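Peer 1: Pasting in a structure now, in structure tokens, and then I'll have a few things to ask.
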Ligand SMILES: O=C(O)CCC(=O)C(=O)O
Ligand SMILES: [Fe+2]
């Protein structure tokens, strides 16, 4: 499941992150934190280990752990790592798969919290390779894309302005993507069923989940 989450950080937190990330002395070569294959393809800047960067990262982590949709979709056991990244004109990150294990912890989900206004830069879409084809994402500032760490993905070259993002990885309590999606649908159905207005959508989700659980578990 690939999920877009809107307004993950409030406008003041977003402003604080953007202000911190405007300081170029905060950044160093991003290739340092990539595996050997990804390193050949990675051309970006990443925040070094400064007090300013760790304060910003803590803000992102806090916002995620307070976001019910994120918690329901990712079911985090742990947020394994968060990095702040900046792509200036000409920078990109070629196709790669993220490390399966980071600091001894399995990575199940990857996320990008977009932090620059999409009108302020050209290029820089996050492109994810799915069996049905590629999908490109360039979300508004403050929105987050959550996707399985199993995918091949890349960041297209930036051709104007600068792309700011916080990227990270989650070790989930639910290892399997399909099982996580079933549980997410059930959470959503429960939320919708609580409100009178959402009845039709709720029934669709409950029926979808019933059929998909049957499809997984019926043995004929
Ligand atoms: O910046 C992004 O949207 C994704 C970056 C990425 O793929 C990575 O850091 O592994
Ligand atoms: Fe990646």
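Each Cβ is built from the backbone N, Cα and C atoms, and glycine gets one as well.
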Peer 1: Given that TrEMBL annotates 96, 98 as binding Fe cation, state which candidate in 143, 153 belongs to that site as well.
Peer 2: 153
Peer 1: Using the alpha carbons only, what distance in Å do you get between residue 153 (Fe cation binding site) and residue 163 (2-oxoglutarate binding site) once rounded?
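Peer 2: Residue 153 (Fe cation binding site) to residue 163 (2-oxoglutarate binding site), Cα-Cα distance: 17 Å.
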Peer 1: Return the residues near residue 96 (Fe cation binding site) by Cβ distance under 8 Å, restricted to its own chain and a separation of at least 6 in sequence.
Peer 2: 34, 37, 38, 41, 42, 152, 153, 154
Peer 1: Per DSSP, what is the helix/strand/coil residue tally across the domain 'Fe2OG dioxygenase' (78-172)?
Peer 2: 3 helix, 58 strand, 34 coil
Peer 1: Using the centroid of the Cβ atoms of 96, 98, 153 as reference, list every other same-chain residue with Cβ within 8 Å of it (recorded Fe cation site), in sequence order.
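Peer 2: Same chain, not in 96, 98, 153, Cβ within 8 Å: 38, 93, 95, 97, 110, 149, 151, 152, 154.
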